[in-house]
């Protein structure tokens with residue numbers, strides 16, 4: 001059984017055979033679940049500032065802010 005990948009940008013798990021794998025020149029492997037995540041990563045957007053990412057939700061819990 002194939003292993004599910006986790007998006008390097010939003011943190012969402014996605015099925016094998018979908019998404020995109022990007023290998024940087026230093027050998028680090030990045031997985032993207034969608035074109036949206038890939039585009040935001042290369043534009044330099046901070047995932048902690050976008051509400052739909054797992055990084056935002058974890059940072060919000062660490063700050064203790066609840067709405």
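A Cβ is built for glycine as well, from the same backbone N, Cα and C atoms used for every other residue.
Now, the feature entries from Swiss-Prot:
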type	residues	note
BINDING	7, 10, 33, 37	Zn(2+) binding site
ZN_FING	7-37	zinc finger
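If you look at the zinc finger (7-37), the same-chain residues 6 or more away from its ends with a CB under 8 A from one of its CBs are 47, 52-55.
Just so you know, the Cβ of residue 10 (Zn(2+) binding site) picks up 21 other Cβ atoms within 10 Å once every protein chain is counted. Here the binding-site residues are 7, 33, 37, and the one ringed by the most other CB atoms within 10 angstroms is 37.
Here the zinc finger (7-37) has, by DSSP, the following mix of helix, strand and coil residues: 3 helix, 10 strand, 18 coil. Other than the site residues 7, 10, 33, 37, same-chain residues with C-beta atoms no more than 8 angstroms from the centre of those residues' C-beta atoms, the Zn(2+) site, are 8, 9, 11, 12, 14, 19, 31, 32, 34, 36, 53.
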